[in-house]
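Data first, discussion second: the structure below is written as structure tokens.
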Amino acid sequence: MNWLDIVICIVLLIGLWKGYLNGFFVELTSLLALIAAIYGSIYFSNYAGDWLRNQFEWEETYITIASFIITFVVIIFVISYVGKLITKLMKTAKLGFLNKLAGGAFGLIKMAFLASVILMFIKTASGEFNLLGDQTTEDSLVYEHIEPLAPFLLPKILAEADRVDRRIRGDRDKNETPTDSTNTSGNF
């Protein structure tokens, strides 16, 4: 076990503990809120953009960014609130311990995914410099199990993020569809 294993295990334990404290429904709805907020912001931020255009005389780039952020925050807030209401109902139904136990497991899985995303960014950003080092990753007991999660699960989200980035920068192809540039490698 090396320093990378220790860091990853600490992240996983934080997820387990936080998930246990929050319970399954809060953890699940926080993940669903994040996914829904990304999706909703990509596809529905134009409504907030229309409202902003009527209220302010901003450049289109600022309207696009602000409308994305506003839509993202509103969706997160609404879905998180629903999760807290469901948790209160679960406490009333005397399923509190089961909710906490499942929350711990879900929190662990969620943090494993987050750790994988961070490892993917480090691996991609470091390029030739190899910040983690080949020996460190080879000697790690946990790395080989955590690292492939994000590249396996993220290709569609990465393609959408790339499309939004091009939209924000103003060089979006008019004929492009959200799935035209699917990145299946997990790399940026």
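Just so you know, glycine gets a Cβ as well, placed from its N, Cα and C.
Owing to the predicted nature of the structure, the values given are computational and were not obtained by experimental measurement.
Per TrEMBL, transmembrane segment is recorded for 31-49 (among others).
What TrEMBL records for 61-82 (among others) is transmembrane segment. Long-range contacts of the transmembrane segment (61-82) within its own chain (CB-CB distance under 8 A, at least 6 residues past either end) are made by residues 26, 29-30, 32-34, 36-38, 40-42, 44-49, 51-53, 164, 167-170.
TrEMBL lists 102-122 (among others) with the feature transmembrane segment. Under 8 Å from some Cβ of the transmembrane segment (102-122) lie the Cβ atoms of residues 8, 11-12, 14-28, 30-31, 131-132, 143, 146-151, 153-154, 186-187, all in the same chain and six or more residues away from its ends.
What TrEMBL lists as compositional bias 'Basic and acidic residues' is 168-177.
The region 'Disordered' annotation in TrEMBL covers 168-188.
Here TrEMBL flags 178-188 as compositional bias 'Polar residues'.
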